[in-house]
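Student: I have a structure I would like to understand better, so I am pasting it below and will then ask my questions one at a time.
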Amino acid sequence: MSASVDPDRTEWDVIVVGGAAAGEVAAQYATQFSGLSAVIVEKELVGGECSYWACMPSKALLRPVEVRANAGDLSGLGVGAVDAAAVLGRRDVVVNHLDDASQVRWALGAGIDVVRGRGRLDGARAVVVTGPGGGERRLTARHAVVLDTGSTPLVPPVPGLAEARPWTSRDVTNLHEIPARVVLIGGGVVACEAATWLRGLGAGEVTIVHRGSRLLARNEPFAGDLVADALRASGVDVRLGVSAVKVRRDRVDDPGIGHVRGSEVTVHLSDGGTVVADEVVVATGRTPNSAGLGLESVGLTLGPGEPVPVDDHLTVPGVDGDWLYAIGDVTGRALLTHMGKYQARIAGTVIADRAAGRPLDDGPYSVHTDVVDDGRVPQVVFTDPEVGAVGLTEAEARDRGLDVEVVEYDLAQLAGTYVLRENYVGRAKLLVDRSADVVVGATFAGTGVAELTHSATTAVVGRIPVPVLWHVVPSYPTVSEAWLRLLETLNAQRNAATVRPRRG
Ligand SMILES: Cc1cc2nc3c(=O)[nH]c(=O)nc-3n(C[C@H](O)[C@H](O)[C@H](O)COP(=O)(O)OP(=O)(O)OC[C@H]3O[C@@H](n4cnc5c(N)ncnc54)[C@H](O)[C@@H]3O)c2cc1C
Ligand SMILES: NC(=O)c1ccc[n+]([C@@H]2O[C@H](COP(=O)([O-])OP(=O)(O)OC[C@H]3O[C@@H](n4cnc5c(N)ncnc54)[C@H](O)[C@@H]3O)[C@@H](O)[C@H]2O)c1
C-alpha cells in the first residue's frame, strides 16, 4: 500500500527515519499531546523487523510447538503430529502476509504521515529520501529527527559461508518449507528458538554449532544448560565449543525467502568434523544499521558496524542543538522490541517537552531518562523451557563490584509447577544486593516463566526492599510461588549464617 501523504509537503516538526514499532511509538509520543506534526520515513514495511521477520513470526511458530510439548506431558491428552502447513499458514496471518496496510492506517489515523523510501541525513534537521522509483525528496524537521533504522543479521567471515547464501533470521522466521536437515551456526537466542521450532515442525536432523561452551551465554549458566538438555532430549544435536571453519555448497539457487537455496551444504568444523545439511542458518548476532545514514553530514564519524551513540535522553551527543535522537537496535543498547519502544516513549516525550520549552526532569524515575538500559533489562527466550530474566547475572553483578547474596530454587518443587506438567524441569535464581537489600537480578527457566518475568522486573526496577517482597503474596498454586520459596531460601541462608549451634 502506498501511504497517502501530500507529495509536495517538505516540512514537519519531527521526522522519524525507520518505521519499526519503536519509530511509530516515538512519533506517537512526540505528537499525541503536543500539537506537533510527524512523518515516518520507511524504506520497506511499516512495523519493521519485529512485525514481519522476527518477534511475531517466531512466536507464531513457537507457540504450537510449546502447546504440543506441554500437552504431551499431561496424562489424558492425546497429542497428534503438528500440522506444519497449518502452522505456517497461521504465521502468514500473524505477519499480515507481509502487507503493512494496517500499520500505515494506524499511523495516518494517529495523524502521523508516512513517506516511502530510504532516508539519510543531509545536514542539520534535514533528511533526503530516495523513493522506490529512485527520485529524491528533501524533508526538513522544525524540531527533531529520530533514527530507528534497526539492525541486520551478521554473517561471519567463514570461508564459503556468504557464497552459500545461508538462511538468516528472515528466512527461518518466514520459512515456506521445512528442510529435512538444518545446521544452525550460533548459540544465542535466535539459534535456540529457531532450533526449537524447526525440530518441532518436523525437521529430521537439526544441529547447532556453537563456538562457546554454553548456549544463551548472556544468561545465567544454568539457563543455557537446561535449554541445551531439552534441545538434546528433543533430538537436536547441540555441538558446543566448535566453530564453523569452512562452508561448501556446490549449487546456489535463488528461490526466494524461506526456501532452500540450492544443493546440500557441508559445514566443516574446527574439531575436524563436518555437518551435512539441506540448509544452513546463520544466527551469530546483528549489526546496527548505522551506515549510509549521512551521519557525517552532521559531524559524526562512526566505524563500520558501530552503533549510533546516545545519552540517557536518547539524544545523539556531539550534535549542536539537541535535535538528533536514536532509538532501538541502531543504538546497540538492548536488541529487543520492548526496549526500543521504551526508548521511544522517552525520546518522544523529550522531543515534545523540549519543543514546548519545558525543562527536562532530572529525578531518579524521570519520564525523560532511560534508567533501564543500565542493568535492568528484561528478556524472555521462548524455548522449552522458557527463560525469563531481568537485571544482572551473578557474573555481571560481581564485575560491578556488588556484594550479592545468591539464592537458587528448583522450580519442580512447587505445587504450581506440579499441576502444570508432569515432568516439570526448571530453576530460579535471585541476586540480592546485600547493602541495599534489593533484588538486582533474577532468572527463571521452566514452563510458564515468561509471565513471571514482569514481577521480577517490578522488583528490580522499583528496587523493592526484600522485607516488602515478603508481603507480596503469590497465589496458590501458581509458578509465582517461586518468589516465596526463593525468599524462604534466602531467609534460611541468612539464618544458617547467623544461628549458633544449640548447646546439648
Ligand atoms: C528471529 C528474531 C526474533 C526476535 N524475537 C524477539 C522477541 O520475541 N522479543 C523482543 O523483544 N525482541 C525480539 N527480537 C529483536 C527485535 O526484533 C528487535 O530488537 C527489533 O525489531 C528492533 O526494532 P528497531 O525499532 O530497532 O528496528 P527494526 O525492527 O530493525 O526496523 C528498522 C526499520 O527501519 C527501516 N530502515 C532502515 N534504514 C532505513 C533508512 N535509511 N530509511 C528508511 N527506513 C529505514 C527498516 O526497513 C525497518 O523497517 C527478535 C529478533 C529476531 C531476529
Ligand atoms: N525472545 C527474544 O527476546 C529474542 C529472540 C530472538 C532474537 N532476539 C534478539 O535478537 C538479537 C540477535 O539474536 P542472535 O541470536 O543472532 O544474537 P545473540 O547475540 O543472542 O547470539 C549470537 C551468537 O552467535 C555467536 N557468534 C557471534 N559471532 C560469531 C562468529 N563470528 N562465529 C560464530 N559464532 C558467533 C555468539 O557466540 C552467540 O552464541 C539478540 O540480541 C536478541 O536479544 C531476541
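One-based numbering along the chain as shown.
The backbone N, Cα and C atoms fix where each Cβ goes, glycine too.
Predicted, not measured: the structure shown is a model, and the values here were computed from it.
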Student: Select one of GLY109, GLY272, GLY273, GLY285: the residue that TrEMBL places in the NAD(+) site alongside GLY186, GLY187, GLY188, VAL189, VAL190, ALA191, CYS192, GLU193.
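Tutor: Checking GLY109, GLY272, GLY273, GLY285 against TrEMBL: the NAD(+) site match is GLY285.
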Student: In the domain 'Pyridine nucleotide-disulphide oxidoreductase dimerisation' (377-483), how many residues does DSSP assign to helix, to strand and to coil?
Tutor: 33 helix, 34 strand, 40 coil
Student: Taking the centroid of the Cβ atoms of GLY186, GLY187, GLY188, VAL189, VAL190, ALA191, CYS192, GLU193, GLY285 (NAD(+) site), which other same-chain residues have Cβ within 8 Å of it?
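Tutor: Filtered neighbour residues, in order: LEU184, ALA194, LEU215, LEU216, ALA283.
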Student: Return the maximum Cα to Cα distance in Å (whole number) over the record's NAD(+)-binding residues: GLY186, GLY187, GLY188, VAL189, VAL190, ALA191, CYS192, GLU193, GLY285.
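Tutor: Result: 14 Å between the two most distant Cα atoms.
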Student: Which residues, sitting 6 or more apart from LYS59 (FAD binding site) on the same chain, put a CB under 8 Å from its CB?
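Tutor: Residues satisfying the criterion: VAL94, PHE382.
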Student: Using DSSP with the three-state reduction, classify SER151 (FAD binding site) as helix, strand or coil.
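Tutor: In three-state terms, SER151 (FAD binding site) counts as strand.
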Student: Could you state the whole-number distance in Å separating the C-alpha atoms of CYS192 (NAD(+) binding site) and THR149 (FAD binding site)?
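Tutor: Distance between the two Cα atoms comes out at 25 Å.
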